[in-house]
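Undergrad: The following feature annotations were taken from TrEMBL:
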- A:175: active site (ACT_SITE)
- A:202: active site (ACT_SITE)
- A:298: active site (ACT_SITE)
- A:6-124: domain 'Response regulatory' (DOMAIN)
- A:170-356: domain 'CheB-type methylesterase' (DOMAIN)
- A:57: 4-aspartylphosphate (MOD_RES)
């Protein structure tokens, strides 16, 4: 028998509450059990309505969404809270604040033209999949999208890493849970880190720029959003801007970043796959792909490409991942050289970068 | 806060301690054009006092900058707005739909007013009721003919 998923919708806009309810009604397993008008209202309704998941607006009167998340966590409630944010710098900033305060994930609100059908389509595309994903374990009929495979033991070495050349460039792919994971990983690297790092974090425009600013402040590294033509130099840390794929391109004067708007892969732009593939093409066995926490399977095709070039692939382990979708898929496909707890990834990167940095950006693919 | 975000125009000033007639007019026109796609044109003069079945929706901006935004329209126009917002025919909408839609309009405009104020402010929940505009008001007031009915928008900055 299917278990019904009880959803609380907290938004000061009656229209938005109605839109979300209408969109959810198309999912037979979901039921809106509470419509709260602001954060305080949501907290007051938690006990009487017993939701399994909360969709939380950010800017609301009385108590905003960020404060509400803090209060919910203070109460010891672990239910998923999905922030529902506008695609603005204010919305992006608040979403990142909310995630730091304990929100589970975020989705962006419909923008632009106000046609109800377009708004509903946007909800079905951006919000509903996240609700389904985060409640998959509660639905008896759910198909687990997080890999059900047994976790590969940490430090399982699947090929002779010792025989490889050192790493000259690193690409990181990450999605849900990314801001915290990236902050922790980058904090473990020295400020004179000698190789470039390219990051694809599944996020929309505006969010990626703000994330770069925050990571700079948190880690002391200079992290910035990539611009087309940026040259890779030692210590460069670039994040792909939202809505653009980022690839590495070997050109006459070195390796550069190129941005493009080719079709999304795995419904993602930026996608991890093009980045990993391009890094393998530019650096061959001196490339390293790292897949961190995230839903879905983006990165698997890229990891295959890296392995075909003789490059290394590391993935975050299940225990330290918020969602073991992307890394789990790579591990299950036998593409991971190492499956590591988050707090050991920086150490392992430092170990393999050492011998690859003598001529970091002129490495050939041969 | 609002389902349909209308970004402030780049040419608009921000961080001011007051909203100009022009910037308020642009916000209202954006809602009428982009969100509702309703034909409209600006009206001059004072609001009429003999319009029947007038509804008012209001939101309050509070904080270091304070103002109340109020919009007025006859029930017939509010219903037309609800039809546009929900993309449904009049006969399938109930009174609650109409009030929600009218409240959403003031919520969207109020959200954009708040967005233009570079100060720490909060927006109240919208409230909707029956009221008429005061033709003698000295507050910032703009009027439109929307589908043949008057829409009055008033910003009381205090």
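Placement of Cβ uses the backbone N, Cα and C atoms for every residue, glycine included.
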Undergrad: Just name the recorded positions among A:57, A:175, A:202 whose Cβ comes within less than 8 Å of a chain B Cβ; none is a fine answer.
TA: A:57
Undergrad: In DSSP terms, helix, strand or coil for the residue listed as '4-aspartylphosphate'?
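TA: It is in a strand.
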Undergrad: Including all protein chains shown, what's the count of other C-beta atoms within 10 A of the C-beta of residue A:298 (active site)?
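TA: The Cβ of residue A:298 (active site) has 28 Cβ neighbours within 10 Å.
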Undergrad: Inside 10 Å of the Cβ of residue A:175 (active site), count up the other Cβ atoms and send me the figure.
TA: 27
Undergrad: Of these recorded positions, A:57, A:202, which scores lowest on Cβ atoms within 10 Å?
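TA: Selected from the recorded positions A:57, A:202 on minimum Cβ neighbours within 10 Å: A:202.
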Undergrad: Of the recorded positions listed here (A:57, A:202, A:298), which is spatially closest to residue A:175 (active site) when Cα positions are compared?
TA: A:202
